[in-house]
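J.: Encoded as structure tokens, here's the structure I'll be asking about.
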Amino acid sequence: RLDANHISSVPPSCFSGLYSLRHLWLDDNALTEIPVQAFRSLSALQAMTLALNKIQHIPDYAFRNLSSLVVLDLNYNNLDEFPTAIRTLSNLKELGFHSNNIKSIPEKAFVGNPSLITMSLNGASQITEFPDLTGTASLESLTLTGAQISSLPQTVCDQLPNLQVLDLSYNLLEDLPSFSVCRKLQKIDLRHNEMCEIRANTFQQLFSLRSLNLAWNKIAIIHPNAFSTLPSLRKLDLSSNRLSSFPVTGLHGLTHLKLTGNHALQSLISSENFPELKVIEMPYAYQCCAFGVCENVYKISNQWNKGDNSSADDLHKKDAGMFQVQDERDLEDFLLDFEEDLKALHSVQCSPSPGPFKLCEYLFGSWLIRIGVWTIAVLALTCNALVTSTVFRAPLYISSVKLLIGLIAVVNMLTGVSSAVLAGVDAFTFGSFAQHGAWWEQGVGCQVVGFLSIFASESSVFLLTLAALERGSSVKCSAKFETKTPFSSLKAIVALCAMLAATIAAVPLLGGSEYSASPLCLPLPFGEPSATGYMVALVLLNSLCFLVMTIAYTKLYCNLEKGDLENIWDCSMVKHIALLLFTNCILYCPVAFLSFSSLLNLTFISPEVIKFILLVIVPLPACLNPLLYILFNPHFKEDLGSLGKQTHFWTRSKHTSLMSINSDDVEKQSCDSTQALVTFTSASRAYDLPSNSGSPPAYPMTESCHLSSVAFVPCL
């Protein structure tokens, strides 16, 4: 052995007298040329390694006297041309010359190597054509990877009738010929190519084929009978392709199957087609349900629970041998079923396996979550619709705070829509969610639901923050008789809040579609670092908003004198915003705790609790906010009564439009309606009019003149 000695040259007489030398290691040195003179006396040499040198050229006569050479290793050199000197090596069986700079292989380069069995050419990135392998009928293993080969000759198997291993990975193959003539093929590796289709005759009648790797291609179509004549096939890798369907004909003998990465393949595959399967990788966890993973776990768990629930008396009777014959039979049946379930559980290793967030039968899992989501959806839609209609359709002028209350109701209604969609999906797929899970998770509907949920949640927080700041500013300015912020400025700020919320909700769509991480269509606070970081960032942002709201109201409380304080806290809108602030802040605490727990890798929170927080606690403000307004704010009753009278007036006008009405009656009717709509706080509404508004208010301006001598603070 002369390897790893920094040898740069070999003297001509270095090996003289070593006529029986059979193995020579000259690898990992600094040779720049073949020591031809030194090899003349090595006629018995059988294996020679010249790898990891700096050889650039090999003369045609370099191996003339090495007639017994069987193994030649020229890997990791600087060869620019194929060494035609190997033609003189008639007994050569194994040739390695990968990781060189060879650009092409000349025709009939291997005609002098009829005994060649193994050939390895890796990393020849400049080779664009498949080499001429004439004269290599004995070749059993061919490795030609990392090249630029785009096609194979149709007669490739005619030259290689004894080929058993074919590795053409990391090329640019777009089309494949028929390999049916290579009947001895046992392993084919064609991963990382550009193939789009597998025809029926491509792998026809390869009865000895045991392993087929077609991963990382662009395969979208596979003929239904493409694998029908492969009885010995045990391993099939089709991962990271573009399959939307998978043919199962002829694959009953498979033990390993990889289909992961085929995102368009969303249908379930029956386990009955693969009786020998041991390991399978699917695109989605739901597809593992067909292999009994989920059901066996649940069944075993239930059986163990039944055993744990047995009473102490039964255990005593069992120890005393007092069980009846029927009970003994039941126990034997249970043990047999349990053993069969264990075998079934461990017979197939399917990944990704179903879990608490990817269930086989139901989207929600527990009835508590299901009832909670339905309740939130119904209340959020009905109550927010009622608040929105009373705020925006009331005939009175809409003040700044009422506008914000109405907008909060609108975005809360969007939360109700997303919860209703999830509830509908759960009802539609009840008991068979595995059949629709992948379709729902990767569909546009899930993306829309996730976007609406985050957008509505963030918009609600931003608008509530704006309402708190507006109340503080409004009361302060009113107490000092200053001009409030123009109405147009408030609308601009509202638009800015909506844009910010939309941007935040669009981040998961732009950064890898984290909404599809689970069928709940929400970024989960664990798993991928990006999802965890996103949730923590949301919690920090919303916590900042709640802090600003708290400071604003605390400052409002501290800056007011005692007499003014009583008047202020009698005002319904100020109290309503304070109530919303308190309620939303309390309900946001579990979400913040959950996000920071995932950041700190605290795993004591059960998956059911996490699902309950995400599906019930997070959208809960969407139904509590309108309920608080409906139940405790007197302005709702005023607006509802005004809306009812306005609707009654419109109905009477419609019925009387075809008959003549005396002008005095019309004037009296209009006056009555106006008087019904004007309340004690109309003066403050006149105060709330935007300064640049050109349209008159909907009630008489003279109402604003009837002010008492007591200082009045507008509350709307």
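Each residue, glycine too, has its Cβ placed from N, Cα and C.
Residues annotated as transmembrane segment in TrEMBL: 367-392, 404-428, 448-469, 490-511, 531-556, 577-600, 612-632. Residues or ranges marked as domain 'G-protein coupled receptors family 1 profile' by TrEMBL: 383-629.
I would like each feature placed in context: is it buried or exposed, what are its neighbours, and how far apart are things?
T.: For the transmembrane segment (367-392), the residues of the chain that approach it from at least six positions outside its boundaries are 398, 402-403, 405-406, 409-410, 412-413, 415-417, 419-420, 422-423, 426, 608, 611-612, 615-616, 619-620, 622-623, 625-627, 629-630, 636, 639-640, 643, judged by C-beta separation under 8 angstroms.
Taken as a whole, the domain 'G-protein coupled receptors family 1 profile' (383-629) shows an average pLDDT of 84 in this prediction.
The list of residues near the transmembrane segment (404-428) in space but at least 6 beyond its ends in sequence, with Cβ under 8 angstroms from a Cβ of it, reads 362-364, 370, 373-374, 376-381, 384-385, 387-388, 391-392, 398, 436, 440, 445, 449-450, 452-453, 455-457, 459-460, 463-464, 466-467, 470, 494, 519-521, 573, 576, 580, 615, 619, 621-623, 625-626, 629.
Counting residues 6+ beyond its ends, the transmembrane segment (448-469) has Cβ neighbours under 8 Å at 401, 404-405, 407-408, 411-412, 414-415, 417-418, 421-422, 490, 493-494, 497-498, 500-502, 504-506, 508-509, 515, 521-523, 538, 541-542, 545-546, 548-549, 552-553, 577, 580-581, 584, 618-619, 621-622, 625 in the same chain.
Beyond the ends of the transmembrane segment (490-511), by six or more residues, the same chain brings 400, 403-404, 407, 447, 450-452, 454-455, 458-459, 462-463, 466, 470, 523, 530, 534, 538, 541 to within a C-beta distance below 8 angstroms of the stretch.
Residues 454, 458, 461-462, 464-465, 468-469, 471-472, 475-476, 504, 507-508, 511, 514, 517, 523-525, 568, 574, 577-578, 581, 584-585, 588, 591-592, 595-596, 598-599 of the same chain sit 6 or more residues outside the transmembrane segment (531-556) yet have a Cβ under 8 Å from a Cβ within it.
For the transmembrane segment (612-632), the list of distant contacts is 364, 366, 368-369, 372-373, 375-376, 379-380, 383-384, 386-387, 405, 408-409, 412-413, 415-416, 418-419, 422, 453, 456-457, 460, 520, 522, 524, 576, 579-580, 583-584, 587, 590-591, 594: same-chain residues at least six beyond its ends, Cβ to Cβ under 8 Å.
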